[in-house]
Ligand SMILES: [Zn+2]
Ligand SMILES: [Zn+2]
């Protein structure tokens, strides 16, 4: 209402000014000259022009957007405020060019900018509205085309002006419209993605990925534009203060998009490669509802190392935000690789042949016996890598038993499948802490500590390999050991006992005093060895030769020396295999 | 296919209407836009907010439930954890990573496991037990710590205002209720 009043008054004033001029001069050209010479008249005309723009804006808004939502309006006001301040700052740089035409161009820029913002908000709204009418599509498409064409026109205009007349304020306009056209492209891509999603019958998993990459690419283009603009401005005029705020936000957004892409890629890679698909039994047990979308999980769900199950697509979009388990906040990027075979014992029991139980029932108590032992002991016996095994010559000296371990996978009878570890998550051991007294180290030592030259990296890889070899050896030990115990002792418990969970098994069964002391660390460490190993290799099967070997070994309870020798030989063997598998 | 955010909000709305928690009503402001909700929260019994009905609005982001909604009371409310413009400041509404106050542990933060119902229930318990370390409303936090009776008096005035009844009849009603 107030706006109507103002525009009416303005229109009245304009009419009076024009009528007065015409009344005094009686002819067209003298009247025009009269008006342009008179400051009050010009002021009235400027106000009229401004109100004209305002009315045009309202009209366009009605055509392209209909009624604005409250949030859209608030957004618009907030952004306009910043844009006006920045425009005022820009005026200070170009005070020599300060002409009505200049003001008009800036007004036009602001005018077009506001429509870009509105279009952006409107397209974001697509995701929120249950009903998108055809009118919406027509409006958005025509608006995007119009804005794109206008932006392009002004860019070309600015370019030609700069080429023919040299650098001027047109530089700023060219740059601003270039930024705006990236906005139009961004909105267009989002619109296309949302439309495809709306029209598809099933949820579109990859949309979030596309959005993420769009954000990244557009952010990069904008950052380049801003940097180029600032460099040019500094060389020709002065520091463009008015561009700093948007530049700061652009760079920040780009940085965020970049780290989002990196982290989510890592998390999603982990998810795709390491985490097992949930089995129907597990889904049943987890009451079948994905906690992220509150919808039923039928297919395509993944189990995290913490045993929480989600839709693969839901997890993927969550990992783009954060790399934690939504339920228990386990940081999955900091968690060691989970075992791929830690299925629920009940589910596992249905799948394995009967012979398995013999092994499992007998071997069961012992692995769990060590579960509660402090990690320090594991570390003391296994973790220090010691001297790296030499590669040359040791292959020839490796005993046949060791060879069988590596090569016999294909011929092994299935009943000797290694029993999977049923306890859910014993590997959440944090990575070793850095030396506590970092402050005591000198600058030089610190630099050495984090050195990134080639030999440092190589040394690290070497160290990791050594650890892996040790862990592999521990797994082998454990396998032999469990097989051996299975051979020695008849099963003492019915197979049903294994269906209970690991805690029950751990608590209820008394530890036997059978194993030799040298084998204990290997047993307890085998869980983490399994963790490191599982992503590359299927459960290892054992040939009869190794079993015999293992039996004789565990029969000989006092010969720890023999066991250690054996272990060392196997380490060497494993190490060689690793060398072959992963050149570099 | 509608967006997953929309489907989840619809599911939560259905759940809230079928199975409403005590003292809480919530739903979309209009059925065309499921991303703006209104909620009515009754003050928890046995606290200075008892008997009050506090309207609030919830604004959901397009990527809900990956990002948390925002909540703002639309009535006057004086509370250590509520800004003077009505915005609610509790950890469940903050995504891990943004910590306006710098003391919240990430365990209480937003994750898709949370829901509108859980948010509203935490707000109810926040009304009952303010966290006076939060700096959302410093005056209220100070008064809560140092001058509880004055705080209660203000709360009572606000409760009265939300119900639109003058002080004396309200007290009479409350007295009657206590007797019966
Ligand atoms: Zn889901
Ligand atoms: Zn979890």
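Cβ coordinates are placed from backbone N, Cα and C, and glycine is handled just like the others.
Owing to the predicted nature of the structure, the values given are computational and were not obtained by experimental measurement.
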Transmembrane segment per TrEMBL - which of A:168-189, A:256-277: A:168-189
TrEMBL annotation of transmembrane segment - which of the ranges A:131-156, A:287-312 it falls on: A:131-156
From A:102-119, A:318-335, A:336-353, the residue range that TrEMBL assigns the feature transmembrane segment: A:102-119
Sequence-remote partners of the transmembrane segment (A:43-60) [C-beta within less than 8 Å, at least six residues beyond its ends]: 3, 6-7, 10-11, 13-14, 17, 35, 100, 104, 107, 111, 114-115
Beyond the flanks of the signal peptide (A:1-19) by 6 or more, those residues with Cβ under 8 Å of it: 31, 35, 40-41, 44-45, 47-48, 51, 54-55
Non-local residues, at least 6 beyond the ends, that sit with Cβ under 8 Å of the transmembrane segment (A:102-119): 49-50, 53, 56-57, 60-61, 64-65, 68, 72, 75-76, 79-80, 83-84, 87, 90-91, 94, 140, 143-144, 147, 150-151, 169, 173, 176-177, 180, 183-184, 187
